[in-house]
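S.K.: Here it is: the structure, laid out below.
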Amino acid sequence: MVRKPVVSTISKRSYLQGNVNGRLPSMGGKEPPGQEKVVLKKKITLLRGISIIIGTIIGAGIFISPKGVLRNTGTVGMSLVVWTLCGVLSLFGALSYAELGTSIKKSGGHYTYILEVFGPLLAFVRVWVELLIIRPAATAVISLAFGRYILEPFFIQCEIPELAIKLVTAVGITAVMVLNSMSVSWSARIQIFLTFCKLTAILIIIVPGVMQLIKGQTQHFKDAFSGRDASVMGLPLAFYYGMYAYAGWFYLNFVTEEVENPERTVPLAICISMAIVTIGYVLTNVAYFTTISAEELLLSNAVAVTFSERLLGNFSLAVPIFVALSCFGSMNGGVFAVSRLFYVASREGHLPEILSMIHVRKHTPLPAVIVLHPLTMIMLFSGDLYSLLNFLSFRWLFIGLAVAGLIYLRYKRPDMQRPFKVPLFIPALFSFTCFFMVALSLYSDPFSTGIGFVITLSGVPAYYLFIIWDKKPKWFRRMSDTITRTLQIILEVVPEEDCRK
């Protein structure tokens, strides 16, 4: 199947071109010819790729409240089985994305794969929902966890004021946006550092837990599979919580064009990262149960804090700091990756063209990064953020479609170059799991999921209005061109092409 290119009718593309010295020409000015190009450079090595995946998967959940799985499985043993199986299922999804990423060497992740297989309408709906709801809400929620836990050591004896949390959160979001706007290299280096902080935090829990096991503290593992039986809905919900905790393995595919030697780096980074995260998650839960009973874990609002207070004494004060750093790493990795999704969608004509432009000196997709800032701030200071996260179940619908597209491409384009190839049962099982989770969320919370479904469908008329309709008024086109050129001058950005003409 060969996809026809999408032609956006948002504007006439009368944008400005940059020059080799990192300057924009004046209106109507001319520049001498040159050779250098403004492009996103390949700066993602294997280590940086691993740090992106691990750094975005491991957030606050494993440290704060890994009780959704336990509550719905009913027993310690079954909860550990579910954590392991969710890791294996996530690995299946990641391996499927490794094949897609090495076959379709474009950034953009789910959006790009849906665009290649199912065409522009579904791809536009995907980026529409991501831009308006999913990404701003998800960024705001993980940022709120950062704000709360960075302030925790200063408010030991009292409740943290909500306004203080939101102000610190706003500072954290702004810092992440500035970092990703200024330098790809520095955001990647900081991501590596934060990933090591996350792994250190997990080791701080695992090592004392292993020592407890050596001492014979296994009372909470006796009759591990006896107790309250899981309900018919319990086990699927447990898998939903587990899969949500592993979400983030797909982010490296958002930046494929910036990965060095993607045929080797993408599969290796995915396999190494998923092995580390799965082992880390399972051992962390084992460590919790060496000290905390199942009943105590369900009552705790911050499991890692409860665990550290019992075993680590005064050192437990460091746990909130590690949790905050973990959240900051998830914020940084998420913004770094998703900005490339918006960048690619703009390049394909699905978003305003300013979002596909690059800073002339820093070589970062500056507009695609900062577009998230106002939307996230609106989410942060208005409304119930956590109810918005119920819409995240629709993310699995598009991930399932992308993986199902792998199977479609196997039959429709058998001669397509595939440096990395997985057995077909892997994408088949994973895509079925994704569709099942969406159906489950529709059954368990029809109201919130229904609203998410309506917002998703609103992308269809938006597609025909903004993309297909090519008879827009002249005043609209002139205004769009003027706004684009003005933003270019303010932000110092140009299209990804020759700097000098």
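Every residue, even glycine, has its Cβ placed from backbone N, Cα and C.
I grabbed these lines from TrEMBL:
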TRANSMEM  45-64  transmembrane segment
TRANSMEM  76-98  transmembrane segment
TRANSMEM  133-151  transmembrane segment
TRANSMEM  163-184  transmembrane segment
TRANSMEM  190-211  transmembrane segment
TRANSMEM  232-254  transmembrane segment
TRANSMEM  266-290  transmembrane segment
TRANSMEM  321-343  transmembrane segment
TRANSMEM  364-382  transmembrane segment
TRANSMEM  394-411  transmembrane segment
TRANSMEM  423-443  transmembrane segment
TRANSMEM  449-469  transmembrane segment
S.K.: Between 45-64, 190-211, 232-254, 266-290, 364-382, who has the most Cβ pairs under 8 Å to the transmembrane segment (423-443)?
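M.R.: Looking only at 45-64, 190-211, 232-254, 266-290, 364-382, the most contacts with the transmembrane segment (423-443) come from 232-254.
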S.K.: As a test: from 163-184, 190-211, 266-290, 394-411, 449-469, pick the stretch that has the greatest number of Cβ pairs under 8 Å with the transmembrane segment (364-382).
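M.R.: Ranking 163-184, 190-211, 266-290, 394-411, 449-469 by Cβ pairs under 8 Å to the transmembrane segment (364-382) puts 163-184 first.
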S.K.: Of the listed stretches (45-64, 76-98, 232-254, 321-343, 394-411), which one yields the highest count of Cβ-Cβ distances below 8 Å with the transmembrane segment (133-151)?
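M.R.: Between the stretches 45-64, 76-98, 232-254, 321-343, 394-411, 321-343 has the largest tally.
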S.K.: Excluding the flanking five residues on each side, which residues at least 6 beyond the ends of the transmembrane segment (190-211) place their CB within less than 8 Å of a CB in that stretch?
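M.R.: Answer is 47-48, 50-52, 54-55, 58, 62-63, 179, 276, 280, 283-284, 286-288, 290-291, 304, 307-308, 311-312, 318-319, 322-323, 325-326, 328-329, 332-333, 336.
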S.K.: Which of 45-64, 76-98, 232-254, 266-290, 449-469 has the most Cβ pairs closer than 8 Å to the transmembrane segment (321-343)?
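M.R.: Looking at each of 45-64, 76-98, 232-254, 266-290, 449-469 in turn, the most contacts to the transmembrane segment (321-343) are made by 45-64.
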S.K.: Looking at the transmembrane segment (76-98) and the transmembrane segment (394-411), are there 3+ C-beta pairs under 8 A, with each pair at least 6 apart in sequence?
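M.R.: The transmembrane segment (394-411) and the transmembrane segment (76-98): touching, yes.
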S.K.: What stretch in 45-64, 232-254, 394-411 has the biggest tally of Cβ pairs under 8 Å against the transmembrane segment (266-290)?
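M.R.: Between the candidates 45-64, 232-254, 394-411, the best contact partner of the transmembrane segment (266-290) is 45-64.
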S.K.: Which sequence-distant residues neighbour the transmembrane segment (394-411)? Criterion: at least 6 residues beyond either end, Cβ under 8 Å.
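M.R.: Sequence-distant neighbours of the transmembrane segment (394-411): 1, 93, 96-97, 99-100, 103, 109-110, 113-114, 116-118, 122, 126, 129, 134, 243, 247, 250, 424, 427-428, 430-435, 437-438, 449, 452-453, 456.
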